[in-house]
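For reference, the structure is listed below as structure tokens.
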Amino acid sequence: MKALGSSGWKGPVKFRMPTAENLVPIRLDIQSEGQRYKDAFTWNPSDPDNEVVVFAKRTVKDLKLPSAFITQIAQSIQSQLSDFRAYEGQDMYTGEKIIPIKLDLRVNHTLIKDQFLWDLNNFESDPEEFARTLCKDLGVEDPEVGPAVAFAIREQLYEIAIQSVASARESRLSKKGRRGSDHGSASKASGLSMDLVKLFSFKSSVVRKRKDLDVYEPVVDLLTSEEVDALEAREERHAR
Amino acid sequence: MAAKAPDSGGSGEILPITPSLSETTSGVTAASQSTQPPSSSSDVDTVYVPSYSRWFSWTDIDDCEVRSLPEFFNSKSSSKNPKFYIYLRNSIIKQYRDDHPRKISFTDVRRTLVSDVVSIRRVFDFLEYWGLINHSSSSSAKPLKWDEKSAGDASSEPPTTVKETAKRICNGCKSICSVACFVCDKEHNSKAYTYEKFKRVELSEESKKVWSEKETLQLMEAVMHYGDDWKKVATHVTGRTEKDCVSQFVKLPFGEQFVKESDSEDSLEAFDKIKGSADLESGGSDKEGSSPNKRMRLTPLADASNPIMAQAAFLSALAGTKVAEAAARAAVTALSDVDYEAEKNATGDPHRQDANANSGGDITNSERAWADAKSLIQKEEQEVEGAIKEIVEVEMKKIRDRIVHFEKLDLEMERSRKQLEDMKNLLFTDQLNIFFHTRKARKSEDRVDC
């Protein structure tokens with residue numbers, strides 16, 4: 001047990017998205033002049049900064065929004081990018097982390113609910129590939145679902161990466177000397193990760209327990225227009 | 001196969017195409033490959049692709065794609081690979097064609113593709129530039145609002161300008177156009193026939209043939225600004241088509257632009273000479289052969305790539321026609337004199353002078369043969385000279401190499417000599433040590449004995 005634990009500990013890694021492509025999820029929600037613009041997409045932070053303005057102009061032109069949106073969109077994207085970049089210099093611990101990722105989104109008429117395990121340590125993982133395969137396998141016809149799924153996954157990964165940076169900072173501040181096993185316990189305490197050891201020990205089997213089966217199954221629902229309207233109204237009420 | 005980038009004029013012919021995979025839901029029909037517009041077509045279904053994008057295929061990647069979008073092909077990141085590029089490109093094009101003829105916007109596309117938005121934008125821009133999406137299709141098939149003189153509608157044969165005949169016959173109603181007609185110079189794509197694309201051309205006999213001052217001025221300005229871009233020139237000059245502009249420009253007396261005096265003929269000659277002398281000096285400048293000398297005279301001004309020509313033209317403009325002409329004549333005669341002198345020195349033969357003087361005149365056969373033989377001999381001499389030069393160069397190179405080799409050997413010698421010195425020193429110190437030791441030993445022996 002102990003040997004396994006220590007082998008699981010990895011040195012601190014420079015912060016980045018734990019995916020093959022270091023893409024940042026960007027969410028926009030801008031209201032101005034009575035119009036509301038909501039959007040979510042992924043951005044590559046290594047692209048030059050002038051791309052932000054180009055993108056903002058393009059979007060405003062395509063969606064025929066008032067031109068006041070251009071600066072607001074550009075600013076919002078820039079601030080999210082600089083937040084991301086601020087994290088970039090710092091260390092994060094990844095450890096042996098397998099986390100459950102939950103999807104619960106509605107895109108136009110399609111509702112998707114799903115939960116699956118994701119290996120945070122796998123820096124070759126590709127949420128885009130996963131989203132494409134998911135939509136293809138589930139026969140989702142609406143092409144806007146794919147990007148939304150990829151975005152949701154990325155957002156959650158981003159959150160967790162930020163948390164691990166914060167926890168790394170904390171552990172460094174509080175416990176100056178001993179890191180390894182202490183950090184392992186800290187991450188377990190966060191409750192998100194699963195203990196690999198427990199999962200794959202010879203006592204338990206890899207097969208999922210019955211009660212978890214429903215949770216881990218993807219569900220796709222096609223809604224009618226009235227249901228969509230009802231849901232939207234409810235969301236707005238919650239937002240307020 | 002390498003495909004050249006489309007020039008901004010978009011002058012390629014249009015080919016209607018069918019995708020090789022038949023997955024589009026809007027029945028794309030295969031129109032015959034011709035540049036003539038289809039007489040009666042289901043316009044909504046046929047997708048037109050410009051001929052400079054002929055290389056496109058659903059399953060392959062062409063060189064120009066690799067060149068323009070290298071990020072997908074340089075394997076810097078594992079997910080930006082060619083397969084991913086094909087996925088992006090095919091989905092964009094498919095989406096466009098599904099909704100054809102509506103123009104597709106970048107935002108529509110990026111909402112449906114799983115990728116980071118900047119890559120999508122790059123592929124989208126690339127495809128739009130090459131006319132594979134959003135190619136000259138109007139957003140809605142507006143009914144043509146025709147002037148009452150020329151009737152026509154979108155589905156029938158589109159009117160073209162009949163330039164060859166003096167009178168214009170409307171393609172729509174087949175009657176002679178009297179007051180005005182609408183002219184469209186775009187490619188014969190039926191989707192392009194919206195009201196805006198047609199220019200109203202007033203038809204009276206004079207205005208067709210004779211260019212007014214205003215128009216000429218506009219033409220000059222446009223050429224100065226846009227150079228070779230005749231499309232832009234035509235838009236700048238109101239009421240004239242591209243072909244009109246080009247033909248008028250070619251006919252223009254050159255002096256008009258720079259010289260207030262109407263010394264057009266002389267200045268024509270002068271610039272011819274300048275060009276000739278510049279050619280001699282610079283070894284010929286390459287221009288498109290399609291336009292005659294006139295164009296070559298003006299474009300060097302706009303064409304910075306041939307500085308000699310630009311300089312010459314500029315200087316001559318500064319100096320004025322008469323001076324320029326005189327200078328040019330003097331230059332040319334001086335040049336031919338030099339030539340002439342050189343040949344005279346080489347041969348000292350009076351026959352050659354005669355041949356020179358009578359060039360184009362009445363040379364007898366023997367003199368001509370003599371001239372030919374002369375030139376052949378000269379050519380051979382030059383060849384021999386060239387060969388000798390090469391041989392000399394090779395010998396020089398050999399010598400140089402030997403020198404280098406020798407220097408290396410020298411260096412080695414130095415090094416070994418130095419080593420020898422060092423060894424000698426070491427030996428000497430060893431000997432000294434031994435000597436001292438023996439001395440000491442003997443001394444201690446003596447002491448012991450005593």
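Using the three backbone atoms N, Cα and C, a Cβ is placed for every residue, glycine included.
Per TrEMBL, the features are:
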COILED    B:377-426  coiled coil
COMPBIAS  B:19-31  compositional bias 'Polar residues'
COMPBIAS  B:32-45  compositional bias 'Low complexity'
COMPBIAS  B:275-289  compositional bias 'Basic and acidic residues'
COMPBIAS  B:344-354  compositional bias 'Basic and acidic residues'
COMPBIAS  B:355-365  compositional bias 'Polar residues'
DOMAIN    B:47-144  domain 'SWIRM'
DOMAIN    B:203-253  domain 'Myb-like'
DOMAIN    B:206-257  domain 'SANT'
DOMAIN    B:211-245  domain 'HTH myb-type'
REGION    B:1-45  region 'Disordered'
REGION    B:137-160  region 'Disordered'
REGION    B:275-298  region 'Disordered'
REGION    B:344-365  region 'Disordered'
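For the domain 'SANT' (B:206-257), the DSSP counts in helix, strand and coil order read 38 helix, 0 strand, 14 coil.
Secondary structure by DSSP for the domain 'SWIRM' (B:47-144): 49 helix, 5 strand, 44 coil. On the 0 to 100 pLDDT scale, the domain 'SWIRM' (B:47-144) averages 76 in this prediction.
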